[in-house]
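J.: Just dropping this structure here.
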Amino acid sequence: MMAAGPRTSLLLAFALLCLPWTQVVGAFPAMSLSSLFANAVLWAQHLHQLAADTFKEFERTYIPEGQRYSIQNTQVAFCFSETIPAPTGKNEAQQKSDLELLRISLLLIQSWLGPLQFLSRVFTNSLVFGTSDRVYEKLKDLEEGILALMRELEDGTPRAGQILKQTYDKFDTNMRSDDALLKNYGLLSCFRKDLHKTETYLRVMKCRRFGEASCAF
């Protein structure tokens, strides 16, 4: 039985994901640059929180506590996104231009669209896992938001950038297999890490451009 605190957090994350983001996306052309950044940061934050909560619930449910540290130091936990030149934290992100950070964010988002599209078929008996279709929709919306920012910064004529041809594997539906559990555990860990990177990059860009007092994070 989950504690009240984590379940409340998960319910809140799910409620936030149900907000009418598509209305915002449809209004992108008429929005100011500051509003575009504000909305992109907000939804990256929501998705990162849900990714973290999903990872934690999976870990509590399927991975014995004594095995967690050793598993995360194996090839299972390796994220192929680590092979692209993506900053690993705020300080490194500040050395990149806004367009560079947007392109990297787009690569990270697009690498998950395939694996997440059918995630709900894997986790059918959980409140959080069952929201994966919603996560896919919101990830698509965030992709559109990032593309809108790129159009604004490139004066409406986006240039061709790096193409990430490799994507993550699909989640394994055979939850009775130890190999499948380890694979899914590694994928959820990578999803959490990649969403954290995306949120960090967007927050760095927003704070750098608009110098808000709340930029500390």
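Note that Cβ sites are derived from N, Cα and C of the backbone, with glycine treated the same way.
Copying in the features that Swiss-Prot gives for the protein in this structure:
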type	residues	note
BINDING	HIS46, GLU199	Zn(2+) binding site
DISULFID	CYS79-CYS190	disulfide bond
DISULFID	CYS207-CYS215	disulfide bond
MOD_RES	SER132	phosphoserine
SIGNAL	1-26	signal peptide
J.: Going by C-alpha distance, which of the recorded positions HIS46, GLU199, CYS207 is nearest to CYS79 (disulfide bond)?
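T.: Result: the closest of the recorded positions to CYS79 (disulfide bond) is GLU199.
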J.: When you measure from the Cβ of CYS207 (disulfide bond), how many other Cβ atoms are you left with inside 10 Å?
T.: 19
J.: Among the recorded positions HIS46, GLU199, CYS207, report those whose Cα falls within 10 Å of that of CYS190 (disulfide bond); none is a fine answer.
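T.: Checking each Cα against CYS190 (disulfide bond), there are no hits.
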J.: So among the disulfide-bonded residues CYS79, CYS190, who's got the most Cβ atoms within 10 Å?
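T.: Per the Cβ count within 10 Å, the most buried is CYS190.
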J.: Sequence gap of 6 or more, Cβ distance under 8 Å: name the residues on the same chain that satisfy this around GLU199 (Zn(2+) binding site), in order along the sequence.
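T.: GLU199 (Zn(2+) binding site) has long-range Cβ partners VAL41, ALA44, GLN45, LEU47, HIS48.
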J.: To the nearest whole angstrom, state the Cα distance for the pair HIS46 (Zn(2+) binding site) and CYS207 (disulfide bond).
T.: 18
J.: By a simple count, how many Cβ atoms lie within 10 Å of the Cβ of HIS46 (Zn(2+) binding site), its own Cβ left out?
T.: 23
